[in-house]
Each structure stands twice: as C-alpha cells, then as structure tokens.
C-alpha cells in the first residue's frame, strides 16, 4: 500500500529516496507490532506472577518475604547492566534478531520456573525460580526498548505515537493479567504448578510467532523521512556525543526513569502494602488491575491525540504532575483500614495519569535526542529507571517498621505486620520532586519532526539556552544534529532526477548539495532493506548520485 505523498502530508522527503522509491508502508508491520506486543505482555506476566500471591508462595515453598521480593527485584537488577548490551544489539544487530532472542529467553525462563513442580524432590526450588526470572529479565532488556524502534522503522509519521502506545502498553497489560489471574489461580499451595503452567503457554506461543513470522528488521522502503535516517549514529557515539551532553535529554531521563522506578516498586509491593491494613490478596489484585486498566484507557486516548497535535511535552508534563498529586492521597489512605473505595479510586487515578503518558514520553525522548537511535534514546531511560527502581524499592522496604499496636493484617502468618507510612511518604515525595524538575526545567525542540518537515533545525538546547554538546554543530541547515531541508533548489530541480553537474557528466549538481544526504558506498541503495544496516555513524562522507558517481561534499548525516 503506497504511503501518503509529500503534498498530502506536508513532510519533506530525502532527495535520493524521493527520486528513487518514495515512502511506503507494509501490512506486515502489524504482524511485527503484534509479536512485540505479545512478547512484552508475556514477559510482564512472568515478572509479577508471584507478587499478588506472595504470602501463599512464601508459605508453601518455605521462603521469606524478602526472597519473594527478589523474584520481582531481579528484573531490575539484571536489566540495569545488561540493558546497555541490549540497546547495542537493538541498534546494531537489528530489531528482528533482538525480538527473536528475547522471545526464546522469555520462553526458556518460563520453563525453568516449572522445574521444582515437574521434578519431585527438587532441592532448593528458589534457585530454579530465580534462574527462570533472571532469563526472563534478560528477555525484558531486549524487548522493552523495542516499541519506539518499531514505530520509527515501520510506521508513518501519523501512526508512530499510536504504534508506540500499543506496543508499550502491552507491558502494563501483562501486569494487569498477573494481578488478576494469579489470585484467581492460586488459592492454596497446591495451585502453584497450575499458575506456572498457565504463564508458560503465551511465552511459547509468542516464541513460535516471532521465529516464524518476523522476516526482516526494516522494510525495503522506509515509511517516512525519519525512518530513512533512523539510527544514524552508532550506539557509543550517540551516548557520548549526544545523550550525555544533551541537557534536555538528561533531565527527561532522570525524571522519567524515576517515575518508571516508582511504578515498578508500586506494582511489586502493592500486595504487601495493602495486606498490612487488612486487605486481602484479591483486593490487592483488584487495585493493581485498576491501576493498569485506567493506564491503558488513558494511553488509548492520549496516543491518537498526540499523533494529531504533536503535544509531546505538554502531555508528559501534565500527566506526571497529576500522577504526583494522586500519590499523596494513596500514601495516606493505604494505611487506613476499611477504605476500599478510596483505595480503588486512588489506584485508578495513579494509572490514568502515570501509565498513560509512558508511550508519549518515549516518543518525546526520541524527538529530544534525534538523530540518536531510538533504541539508545529510549533504552537508556529504561536502564536508568531500572537502576532507580532498585534504589527506591530497597529504600521503601528498609524504611518499614514493625507495628506495635494490634492490627487486622492479612499478611503471611508468623510475620509481624509492617508499617509502610514512611515508605509511602518517600514515594510521594520522590514523585513530586521528579515532576517539578521536569515541569520547570525541561524544554526541547522536536528534532525529528524538524528533520522530516524540512525546517531549519534548532542549534541550541532549550534548557537554559545551552548548546546540546559537542555532537551538535552550530551551523545552518543540515548541520545541527538533524537532517537539513530536503527540498531541492530551483536549479537542482530543473536538472531532473539525475542531478548532473554541467562541469562534467555523472557528477551531482552543486545546487543540490544542501539536500538530504544519502548513504555512502554500494550498500547505500539497499541499506533500508538490510537488518541492522541502519545503525551508522555521523561522519563526513561523499554523496552518490543514481549513476554512482561521487562528490566531495561533506555531510554529518551518513548511514553506513
């Protein structure tokens, strides 16, 4: 199906792609989206399958609550160091390879968790559970960064935010499934094998789907001008020259990473927090389900809205500020007994304001850091979020104290009920801090949209007016970290598609030197169709015209 023309969309296209192929979308992009969405959902169910029934698991397997917490915390621990490697795989090896590898790791981890139930007399079942969770955590590192990459490579500009939303929100959908399904499946210790088996089935299905149905990392023809230049910097170059020096990106990464860490800690500890106030594991699962459900509903409304309006910054700031406001009443109400309606309402608001802005914030990260690869731009935020999540979760559990007064606790028998008041106030304070920093200090141009529309790129970081760093030139169009205008000059247009120089046959016309550059070397014409070939370096290079001749014009935009 042919994509919209430049006249219809108002998007300026790279000269070479426009002259040779144009932009095109493929129906199989929806298969790729389905595979990544199912994989994200399955991985999330495996992550939190134990948390909603922590007391039953601990009692039947003779484990402490600290060990149960580590079955969830291991995701954060493993994802932090291996997340960097996963970003490199995603941007350098390719989206298809990363997805298939993640699917197999996810399936292997789900099977390993079942060993204590399938083999009678297994010694130390916790080791098998932890090993399986660790493999699933490795899979998460590969797939949780994929939605923004998939949206950029396979979807046109007017569908990117929606595609990113669908793939990203499949992860909290998995959390929702775990919160609802685990308490339903596990009523007593004998039900644990059933729960583990049920969660293995979707992992096997998505493994088969990814292996058979995913054929290539990138489409033969890019769907947009931004896709044609996607991942134009190598991972280490983008990290050193752009992300670390881009003040707007650093602020977004720290604040959004903190919110990710808070959400992860909230989901993992919710059952323990509410059981201390006398609420059942079933009600805790309901609150977790409301948290995710309203987040998904909010994202379904916010994704198409941002696709139309491009209000990435406004939506992110408003959503996270409202999320912080909802954290305060939850910190207070959750420690009171009998406040079921108020708890359900606050959990719903937390999901509506917090989870719903996740996909939009990931798109904002790509816009803020362009031309850095989508995997690196979003992946570093998730890695930072996992690291912050470890610290927040450890701090919240460390700040709990034993209740001295009588309580109606429904927590595991044999353990004193805990008081989570200080821990929850810490969570609310951190939410407020991160949202205020983001609202006041974060400002950025939309660099990818500027590149696609052919507008003169912004050469200065909007935060304090400081330069974005050594990776951003202070020159004119086409030299400031985004693609320059791709509209050819009248003289260039008059020469036709061959663009030959009157000074000699086969040479690009000098009037076209400002057009969007093409890739260097023989691989230029097929770079978009080869998995992993979009991972390239920002460097000086020569243009190649359709006839294959060279010009000495240098450009910072080359895909090698």
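Placed from the backbone N, Cα and C atoms, the Cβ positions cover glycine too.
These features come from Swiss-Prot:
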type: COMPBIAS; residues: 466-481; note: compositional bias 'Gly residues'
type: REGION; residues: 451-540; note: region 'Disordered'
type: TRANSMEM; residues: 30-50; note: transmembrane segment
type: TRANSMEM; residues: 70-90; note: transmembrane segment
type: TRANSMEM; residues: 100-120; note: transmembrane segment
type: TRANSMEM; residues: 125-145; note: transmembrane segment
type: TRANSMEM; residues: 166-186; note: transmembrane segment
type: TRANSMEM; residues: 192-212; note: transmembrane segment
type: TRANSMEM; residues: 250-270; note: transmembrane segment
type: TRANSMEM; residues: 282-302; note: transmembrane segment
type: TRANSMEM; residues: 318-338; note: transmembrane segment
type: TRANSMEM; residues: 341-361; note: transmembrane segment
type: TRANSMEM; residues: 379-399; note: transmembrane segment
type: TRANSMEM; residues: 422-442; note: transmembrane segment
- Query: Which stretch from 125-145, 192-212, 250-270, 318-338 shares the most C-beta pairs under 8 Å with the transmembrane segment (379-399)?
  - Reply: 250-270
- For the transmembrane segment (341-361), sequence-distant contacts whose Cβ falls under 8 Å of one of its Cβ atoms, 6 or more beyond its ends: 147, 161, 164-165, 167-169, 172, 252, 256, 259-260, 263, 266, 274, 279, 286-288, 290-299, 301-303, 306, 312, 315-316, 319-320, 322-323, 325-327, 329-330, 333-334, 381
- Item | Winner by Cβ pairs under 8 Å against the transmembrane segment (125-145), considering only 70-90, 166-186, 250-270, 422-442 | 70-90
- Note on the structure: Within the same chain, the residues 6 or more beyond the ends of the transmembrane segment (30-50) and with Cβ under 8 Å of it are 57, 68, 71-72, 75, 95, 99, 102-103, 106, 109-110, 113, 129, 132-133, 136-137, 139-140, 143-144, 146-147, 150, 154, 163, 166-168, 170-175, 177-179, 181-182, 195-196, 199, 202-203, 205-206, 209-210, 213-214, 267-268
- Query: Short question: which residues 6 or more past the ends of the transmembrane segment (70-90) have a Cβ under 8 Å from it?
  - Reply: 47-48, 50-51, 97-98, 101, 129-130, 133-134, 136-138, 140-142, 144-146, 149, 235, 261, 264, 268, 373, 375-376, 379-380, 382-383, 386-387, 389-390, 393-394
- Proximity of the transmembrane segment (282-302) to the transmembrane segment (166-186), 3+ C-beta pairs under 8 angstroms: yes
- Message: Check for me, if you would, whether the transmembrane segment (192-212) reaches the transmembrane segment (422-442) - at least 3 Cβ pairs under 8 Å, residues 6 or more apart in sequence.
- Response: no
- Note on the structure: Given the transmembrane segment (166-186), its same-chain partners at Cβ distance under 8 Å and 6+ residues beyond its ends are 33, 36-38, 40-45, 47-53, 56-57, 144, 146-147, 150-151, 192, 194-195, 198-199, 267, 281-282, 284-286, 288-289, 291-293, 295-296, 299-300, 303, 351, 355, 358-359, 362
